[in-house]
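Straight from TrEMBL, the features:
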REGION    1-21  region 'Disordered'
TRANSMEM  62-87  transmembrane segment
TRANSMEM  93-110  transmembrane segment
TRANSMEM  131-157  transmembrane segment
TRANSMEM  169-186  transmembrane segment
TRANSMEM  198-215  transmembrane segment
TRANSMEM  227-247  transmembrane segment
TRANSMEM  268-301  transmembrane segment
TRANSMEM  321-342  transmembrane segment
TRANSMEM  354-376  transmembrane segment
TRANSMEM  382-405  transmembrane segment
TRANSMEM  434-455  transmembrane segment
TRANSMEM  467-486  transmembrane segment
Amino acid sequence: MAEKDQKISPPDRQLVEESELDSVETEHRGWQHRLLKWGVEARGIRPVSLEDRTDDQNSKIFFIWFSASVNLLPFSTGSLGPIAYGLSLRDSCLIILFFNLLCCLPPGYLSTWGPKLGLRQMVQARYSFGYFGVIVPVVLNLMNMVGFCILSCILGGQTLAAVADGNLSSNIGIVIIAAISLLISFGGWKILHWYERVAWIPIVIIFLVAVGLGAKNFQHIPPAEPATAPTILSFSAAIAGFVLTWSPLASDFSCYMRPDASSKRIFLYSYLGLVVPSVALQCFGALIGACLAGVPAWAAANDSGGVGGILEAMLSPAKGFGKFLVVLLALSVMGNVAATFYSISLNMQILMPVLVVVPRYVFSILATAIVIPLSIVGARSFYATLSNFLGLIGYWASAFIAIVLEEHFLFRKGDTARYNLADWNTPSKLPSGAAALLAGMCGVGIAIPSMAQVWYTGPIAATTGDIGFELAFVVTMVVYPPLRLLEKHIRSNRV
């Protein structure tokens, strides 16, 4: 596959220069000037010029994904296998391993486009969905990201409450998690990368301590009922939804890297940064979930304090030090939330292009204001919220991935030089988006009768189990090429 370094055309360079002028103008606005001097990133969705793609530390992308995945959320996701779906530890771990190895491929690969194009992921999606058509996946992506932030804040808040012995409510814990995450995301690329590079270290150590202290109870795993196709596929959909939905924001974290960075290296760093912690922590969560029925103290802690209660019970032999470790585990979700706040701020500018002049960090504040009250409401039934959310979000993400990959390989020959960066903000020079939207509708349309959720089971899923995300991907891949060819023909092959 040929990959050529992008040359910034004069119109595109002018856009980049305008971005720089925007930053200069803000220096005359008091507090904004101070924020910029402190290193807060104001750049929004405008392409990153070749001159600004200077970061040669490719390993940073590994730590972004690794740290964002080393927290309580994958742990709780893995626990759904035994707790929500009644699967055995062996079956849960096999599903976790296979579907993570498979579903981490798309976000790992899409991360390689950041250095080559300097485009945020949803800006790049304009080259298949069009200037206005991309608003649809952007809205869905915003719902995804807000949903993940809600789940993470609930986990962190409940864990803080569990260790506070009634002196702190989960609502206050949620506010604490969201507020600190906002501060981290406020600084943008540089601060986010610095934080993610170091934040995972104590969390990994704490999880290892939890394994050591809880090991004596790992033998108390009662036998599970034989797995059925519906339960296997439903849990698979939850695992797929957990990692596939990183794809619509994959290149957001790599677009400052040098354009001559090795695509293989970027892919491996991204892929391993997702796979390793996701598999390890989800399997650990499945192990603890399988033990609950045989360890009454853990089961009682789960009933009263959820995931945070379980971890507090596991680390209780360490006394006060154990409580301190649980607090650090509660704060571990901040790496995930901060990275997601960062991408939410970018997607808001794509959703409403007139807001491109608004500094990026303003939208991080708005995201925090949305996430906090929704987290407080969702905390009332965490496991139901988690399983329903993860089961749903994989459907549209599968269709999105199929479209952007086919556009890249079939219609742009796998060559990043075929993306004219000067067109990124010109509707008439981008696809209309009709082909992508129709193909996506077909994919999501077939997913509806193929989905199996607590509140709805489609006619196909009633026989096979949940195969929604698989069918959404396949149908979209079949439908998109002829629709795209028709779109190009109608528009005289312009784009």
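The backbone N, Cα and C atoms fix where each Cβ goes, glycine too.
TrEMBL annotations: computationally assigned, not manually curated.
Counted over residue pairs separated by six or more positions, the transmembrane segment (169-186) shares at least 3 Cβ pairs under 8 angstroms with the transmembrane segment (354-376), which defines the two as touching.
Against the transmembrane segment (62-87), the recorded stretches 268-301, 354-376, 467-486 differ in Cβ pairs under 8 Å, and the greatest number is found for 268-301. Where the transmembrane segment (467-486) meets the stretches 131-157, 198-215, 227-247, 268-301, 354-376, the count of C-beta pairs under 8 angstroms peaks at 227-247. Contact between the transmembrane segment (321-342) and the transmembrane segment (131-157) holds: at least three of their C-beta pairs are under 8 Å, each pair 6 or more apart in sequence. Where the transmembrane segment (131-157) meets the stretches 93-110, 198-215, 227-247, 268-301, 434-455, the count of C-beta pairs under 8 angstroms peaks at 434-455. Same-chain neighbours of the transmembrane segment (227-247): 65, 73-74, 77, 80-81, 84-88, 91-92, 95-96, 99-100, 102-104, 106-107, 110, 121, 141, 144, 148, 274, 278, 282, 387, 389-394, 397-398, 400-401, 451-452, 461, 464-469, counting only residues six or more beyond its ends whose CB sits under 8 Å from a CB of the stretch. Away from its own ends, the transmembrane segment (198-215) comes close to residues 63, 66-67, 70-71, 75, 277, 281, 284, 288, 291, 311, 314-315, 317-318, 322, 325, 328-329, 332, 334-335 of its chain (Cβ-Cβ under 8 Å, at least six residues beyond either end). Long-range Cβ contacts of the transmembrane segment (268-301) within its own chain (Cβ-Cβ under 8 Å, at least 6 residues beyond either end) map to 58-59, 61-66, 69-71, 74-83, 87-89, 92-93, 96-97, 100-101, 104-105, 107-108, 111-112, 162, 200, 207, 211, 214, 217-218, 220-222, 224, 239, 242-243, 246, 250, 254, 309-310, 312-314.
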